[in-house]
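First the structure, in the form of structure tokens, and then the observations on it.
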Amino acid sequence: MSLLRFAVIGNPIQHSLSPEIHQSFAEQIGIELEYQRILGEPLHFKQQVTDFFQQGKGMNVTLPFKGEAFQLADIATERCRQAKAANTLWQNQTKLYADNTDGIGLINDLKRHTSLHNKTVLILGAGGAARGIIYPLLEQGIKQLAVYNRSTERLQILARDFPDIAPVQYNQLSRPFDILINATSISTTRQSIELPDVLWSAQPFCYDLAYQRNGLTSFVAEAQLKACQALDGLGMLVEQAAEAFAIWHGVKPRTQPVLEMLRR
């Protein structure tokens, strides 16, 4: 019998830990599967997805294709429609289904380390990564959710789609927040985000949606230099993967053993 086929598609993709994570989940449950990395091609993304689902069972989607993956889907979950971005695809008969497990993945990891209730939160970035986490954060009873982005046009579009957020420009970053979340891709380019000192003054809890297998992302390194508690997104990666695994297999795997393995 041929193995169940799964994949993650993105560009770049060679660094993805998703194959290791899903194989570890499969060992927990006692099933065998194949999980590959696919280098996404912007001009051929739709065809790549179509080709994969000739035999494939499920696909994870990472940068920069989450918005396009949502548009491809015939049926999307409510949280996927809210985000207008998909990170989990599967096929049922001839229909392509989409979900977004990023938000619940972030919440599950954040709750390990900090309380969200009545906190003020600032998201850095207004792209697909930010879209996937806004409603899940709002559902946690936070006091305020502000979003900063260098491009005001993209920020205005986000504010139109999410009327409960407070869009802020650089000159409005004049007071501290309890939690800072980096949803930009700047950590993957090894650059740092220029932020006013007042944001660091209250030593906010800092979370980077990006992750490094070895070492620190630039955002985490900068936050630690400012004496802030800071985490990268490896825990979120494992948690969102567990949600996707449960969608495909009907069983929720344990995440802590996998996270500990990856941190070693």
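Cβ atoms are placed via backbone N, Cα and C, with glycine included.
Note: TrEMBL annotation is automatic and uncurated.
Per TrEMBL, active site, proton acceptor is recorded for K66. Annotated shikimate binding site per TrEMBL: S16, L17, S18, T62, N87, D102, Y211, Q240, in sequence order. Annotation source TrEMBL lists NADP(+) binding site at E78, G125, A126, G127, G128, A129, L209, G233. Per TrEMBL, domain 'Shikimate dehydrogenase substrate binding N-terminal' is recorded for 8-89. Per TrEMBL, the feature domain 'Quinate/shikimate 5-dehydrogenase/glutamyl-tRNA reductase' maps to 112-189. The feature domain 'SDH C-terminal' is assigned by TrEMBL to 233-260.
Features per TrEMBL, on structure.
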residue: K66; record: active site, proton acceptor; Cβ within 10 Å: 25
residue: E78; record: NADP(+) binding site; Cβ within 10 Å: 10
residue: N87; record: shikimate binding site; Cβ within 10 Å: 31
residue: D102; record: shikimate binding site; Cβ within 10 Å: 33
residue: G128; record: NADP(+) binding site; Cβ within 10 Å: 25
residue: A129; record: NADP(+) binding site; Cβ within 10 Å: 25
residue: L209; record: NADP(+) binding site; Cβ within 10 Å: 26
residue: Y211; record: shikimate binding site; Cβ within 10 Å: 21
residue: G233; record: NADP(+) binding site; Cβ within 10 Å: 27
residue: Q240; record: shikimate binding site; Cβ within 10 Å: 27
Among L17, A126 [binding-site residues], residue with fewest other Cβ within 10 Å: L17
Intrachain C-beta neighbours of G125 (NADP(+) binding site), sequence separation six or more, cut-off 8 angstroms: V147, Y148, N149, N182, A183, T184, S185
Fewest Cβ neighbours within 10 Å, where candidates are the binding-site residues S16, S18, T62: S16
Number of Cβ atoms other than its own within 10 Å, given for G127 (NADP(+) binding site): 19
Cα-Cα distance linking A126 (NADP(+) binding site) and T62 (shikimate binding site), given in Å to the nearest integer: 16
G128 (NADP(+) binding site) - helix vs strand vs coil (DSSP): helix
